[in-house]
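Copied over from Swiss-Prot, here are the features:
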REGION    1-25  region 'Disordered'
MOD_RES   A2  N-acetylalanine
REGION    39-149  region 'Disordered'
COMPBIAS  61-73  compositional bias 'Basic and acidic residues'
COMPBIAS  110-133  compositional bias 'Basic and acidic residues'
REGION    279-305  region 'Disordered'
REPEAT    305-337  repeat 'HAT 1'
REPEAT    395-427  repeat 'HAT 2'
REPEAT    758-792  repeat 'HAT 3'
REPEAT    978-1010  repeat 'HAT 4'
REPEAT    1067-1101  repeat 'HAT 5'
Amino acid sequence: MALFPAFAGLSEAPDGGSSRKELDWLSNPSFCVGSITSLSQQTEAAPAHVSEGLPLTRSHLKSESSDESDTNKKLKQTSRKKKKEKKKKRKHQHHKKTKRKHGPSSSSRSETDTDSEKDKPSRGVGGSKKESEEPNQGNNAAADTGHRFVWLEDIQAVTGETFRTDKKPDPANWEYKSLYRGDIARYKRKGDSCLGINPKKQCISWEGTSTEKKHSRKQVERYFTKKSVGLMNIDGVAISSKTEPPSSEPISFIPVKDLEDAAPVTTWLNPLGIYDQSTTHWLQGQGPPEQESKQPDAQPDSESAALKAKVEEFNRRVRENPRDTQLWMAFVAFQDEVMKSPGLYAIEEGEQEKRKRSLKLILEKKLAILERAIESNQSSVDLKLAKLKLCTEFWEPSTLVKEWQKLIFLHPNNTALWQKYLLFCQSQFSTFSISKIHSLYGKCLSTLSAVKDGSILSHPALPGTEEAMFALFLQQCHFLRQAGHSEKAISLFQAMVDFTFFKPDSVKDLPTKGQVEFFEPFWDSGEPRAGEKGARGWKAWMHQQERGGWVVINPDEDDDEPEEDDQEIKDKTLPRWQIWLAAERSRDQRHWRPWRPDKTKKQTEEDCEDPERQVLFDDIGQSLIRLSSHDLQFQLVEAFLQFLGVPSGFTPPASCLYLAMDENSIFDNGLYDEKPLTFFNPLFSGASCVGRMDRLGYPRWTRGQNREGEEFIRNVFHLVMPLFSGKEKSQLCFSWLQYEIAKVIWCLHTKNKKRLKSQGKNCKKLAKNLLKEPENCNNFCLWKQYAHLEWLLGNTEDARKVFDTALGMAGSRELKDSDLCELSLLYAELEVELSPEVRRAATARAVHILTKLTESSPYGPYTGQVLAVHILKARKAYEHALQDCLGDSCVSNPAPTDSCSRLISLAKCFMLFQYLTIGIDAAVQIYEQVFAKLNSSVFPEGSGEGDSASSQSWTSVLEAITLMHTSLLRFHMKVSVYPLAPLREALSQALKLYPGNQVLWRSYVQIQNKSHSASKTRRFFDTITRSAKPLEPWLFAIEAEKLRKRLVETVQRLDGREIHATIPETGLMHRIQALFENAMRSDSGSQCPLLWRMYLNFLVSLGNKERSKGVFYKALQNCPWAKVLYLDAVEYFPDEMQEILDLMTEKELRVRLPLEELELLLED
């Protein structure tokens, strides 16, 4: 039979020998044509064999022949043996490749794989020994059909539908919709070529894996892999050069010797002299001597020896001086350095690496040292605090609280310990609640008051107790404000004002506890309190009670109903979370004052819709403290005004400074770029005023309160201004007028002309009323503010008249009055900052003002150009006055306030005078002269800081003059061409001395943002953050990177199109995240709500929602009291609004609009 049916005719043609030989390959002589009939018969008999129990997959056709040859039997037996051996090998050797030796019947891998599978359905009909009709062909046929499958398609005689019934089907065929890969015939492709195609124009892509052998290329491991980290932990080999006699001549080239000078030693075992000692021993069959093998371990390197020497030195010193707590603390800090070295404490081999990387080992070692230190110093609070801080890694929060309570019980007079204890309890999310922390503040202040009064005889009051108590009181007020309980915070301030300034004489000699008991009836009497209309104070109420009689209450007919929004929800189509946020913030803004029943309207306590707005005496009684210092009493008023949003110039104490920061106004330059010389820029910002919980990034200007809030502030001013006199009263008037001017600036910024007109009118009315008072007639601070107001309103000529009038009233004070110098300075600065069209004439006016300041004659208005002789005389007068002030500063200790303020104003005026008459370099020389004099005389070490009161006062002088210096440089760069380097250098030097100055940081970040090279900025920030304790460097470093990221994105998205980056900057996102994480490692950073708000806002802006949620919950672990964090989370994750509000309710934060009430409002 022909292999190819198409050539069947050619192969069977009776041709000659040559043609027959050519087509001989088309025929298969070993195939018997007569076997087709027997194959078809055996195929039909297959079901019968299946029913008899034969396997389905390999049901070989049985042969009926009795004359089977011995050769066929042997072939069959060997094939079966091979199959069994293969099965055993597959069972016991799954991962080894074995050679498969096949006989003549198994020539391809596909046939072997198919035969080796059992119990699988097969497409072919199994063949067995075939009965042959011809004896000479029987052996070959039997051998061929006994070991090969025969496919149904190959059997040409079978007609019709041929199939087999599988009694044991494979369910995998139905599940996977295809045959098992072992049942599919496979073959090996020899090359990827294909015959018949043009390789230049055509190609075939074969499916499956490529036949080319893949060469696995070993990649170089990075430094952070596990293996490389292990290599980094291996001890380094100490390398030391050979000692050579020093040469007197300088060596320009140091040669490296490749070989030793001496000839190698040769032996019979080492004929070339190239083997080392270890190789020689190995060739002899010997090992190294035991002592020699242990020698490297016995001799440590120089680094380990130095560390061991330090450890021994510490141990010796603490044995000799066990009372030295600082030495113990240094020993604890030294453990970090010891653990970085290769395990000095390793006991067994292999233990070194584990101990080196074990944080727990370091903590245990530190804890053991601290316990030894506490045994020798039972009264040391610092050691016990260090132990508690260390044990936060080991102990549960409840255990830590108990240990803190024990420590507080032992040291109830330690204010620093109370401060840390309150912060610890305030930042423990698991045990935190507003009521618990509020009562804890009350317990703290009442205990310290008892210590200060002497009621606790066992513990005397420590120095600075009163100042620390005042700082804790302010910290409690900001805590309540940030938690949303504004009513309680305002009530605390109201009570403290009455308790401090209006105390009856009959109770002044009593201890604080007794005074508080007498104060309770006044609080519950319904008498108007500080800030409320008709408030007279505690003392007047006591006199009225002692005298008896009735107090007639006259209702105010002009008093309208308080302004309330008739429609609290203005747009019901907005999403639910937006409606809630708007309504919640609106209620926070309107309802920050405590609710009290109005007797004129016959109201009772039951008329209050929200009981949380009422403040009981139990909420504030324990927190009342007695302030005997006059400075602290004035600071109390300033803090109250700052709390209400009035720029009083008060900066919170360092202990609660960053706790109070919760909004990003510290980055707002405002109008500073337009008016660098005259724009009011407060030294401190970042803390929201009461009632404000705006979203992050909302422009924060002094917009003022609503009508009731403005009336409340006016009442506070009217109540407290008669309590002070002199400079303090002048400062209060200045703050009030500055608050009104700030609202005018807000109207100018928003271009609200209607409100600007009314606000300007009210502000001028207030200024005139204040100047009409007899004690304020010669108050140059108020005259200065009034003239500045007229200038801001655009009334330049009226403002000049006010300035001229005030300067004419001064007479011939020359340069001795600091307020007069400040008035002249502002007048000159306003003239200088006029538009470029009139700047030449304005400069002449400014020179006239500063020149007249030095003359003994009365001031006269500007008439024309100042003569050169008068300018020279004025310069000499400034020089002599400055020398006199600097000479006094070196002698006087402590520095008087008047002397400091006079030096500041005089230096400013002289710098501006030199700038206008000579140039910017002359002004810079004045600054350098003052700085060098003060820095060398007051701070001999050149650090610019000191611990004494005198050093702090002179530091403030340098800081103010530095601000003038930088402002002058900025103005000069604005009006003329000037390099940026001097301003950058001046700011860099100033920030190293004053790292907490927000004004300097704002200027530095702004000018550095214009530079396309961020490397210097980053190095500078890195230097400052490593050494400075304040948090401002971290905040402004983050802001600088965010501004740079915004600039890069703006360039990349020019005109709404994606373009290539012209500023190649990568890694900004990760750099900013790293800055956030590093800033939060300190205690001040981890408990600063502003830092967490910025971090959360940044991650949300990147679109990383899951990471943002993680940061939000991490923020709650550190600042669970900050309501603004929860409001931000509602804005960023509106789907989880219900969960966030439930969390606020659980922690007792103030929720003014519950969701149930919101649903009712939406239905209405």
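Here the Cβ of each residue, glycine as well, is placed from N, Cα and C on the backbone.
Long-range contacts of the repeat 'HAT 2' (395-427) within the same chain, counting only residues at least 6 positions beyond its ends with a Cβ under 8 Å from a Cβ of the stretch, are 381, 384-385, 388, 436-437, 440-441, 444, 447-448, 451, 456, 459-462, 464-465, 468-469, 471-472, 475, 479, 655, 659, 1083, 1086-1087, 1117-1121. Looking only at the repeat 'HAT 4' (978-1010), the predicted model's pLDDT averages out at 90.
Residue counts for the repeat 'HAT 5' (1067-1101) under DSSP, split into helix (H, G, I), strand (E, B) and coil, are 29 helix, 0 strand, 6 coil. In the repeat 'HAT 1' (305-337), helix, strand and coil residues by DSSP number 29 helix, 0 strand, 4 coil.
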